[in-house]
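Notes for the one structure printed next.
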């Protein structure tokens, strides 16, 4: 605690031998961060410049990729600074901002995937009504809600935590997730209930909606023509794979926090890395390779000589 400036500093104690491997860590994570920015930005650029990709499905994909870049930017710049610093510390206020951004953007991921699931449901199951239902106004509402709802809900526990008394100043992680609760002297029952409501609203309900929607799509597709089944597989499977990947990583986040005492520090460090490394890179790879139209424009961009 710095009494003069009234600033509370928290030590990020989740790093493993950072002084020994600081430059190796920095090079690896900096390379990954650049790859995340470039790979996601290229696909967003392609969707932006090609008018035939200005459809709801591709707009939601672009929003998802932008969200991945924002999600990564919440973690990587501070992480890279820490690798080169003698002390891995952060102010408690900045820690709460990172906590808020991490979980609000994570919730936005689930809500964007839910919007994409609804778009695919209307496209495949109600094709004649699709232009009317998925209008520009509907798309705009979905996008605004996907970012505003999680941000406003996660702001409450972040704001309440700002006024909590701290009994520990060492965070067992290398960024601020819900391990910040372990710093507080007391975690109230109201706080736990509110967090459960947030988890229900921005994660569990969207996941259940997505599973229900895709079940309906596959049932209707199975009863339809081969062309409809092919369309459903091409457009829905990438979304389901992305959902499964992100859900598993979120489960890792919960497990590493709730069972942190049972995990060796190195294992916890490696598991936490999965959350910030794999998913932001996985999204552009999945949509770039599996979405036919995007893949076509990627080939034209990088291999123009081979395209007749």
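From the backbone N, Cα and C atoms, a Cβ is placed for every residue, glycine too.
What you see is a predicted model, and the numbers here were worked out from it, not measured in a lab.
Looking at 57-76, 177-196, the stretch flagged in TrEMBL as transmembrane segment turns out to be 57-76. Summed and averaged per residue, pLDDT over the domain 'G-protein coupled receptors family 1 profile' (39-287) gives 86.
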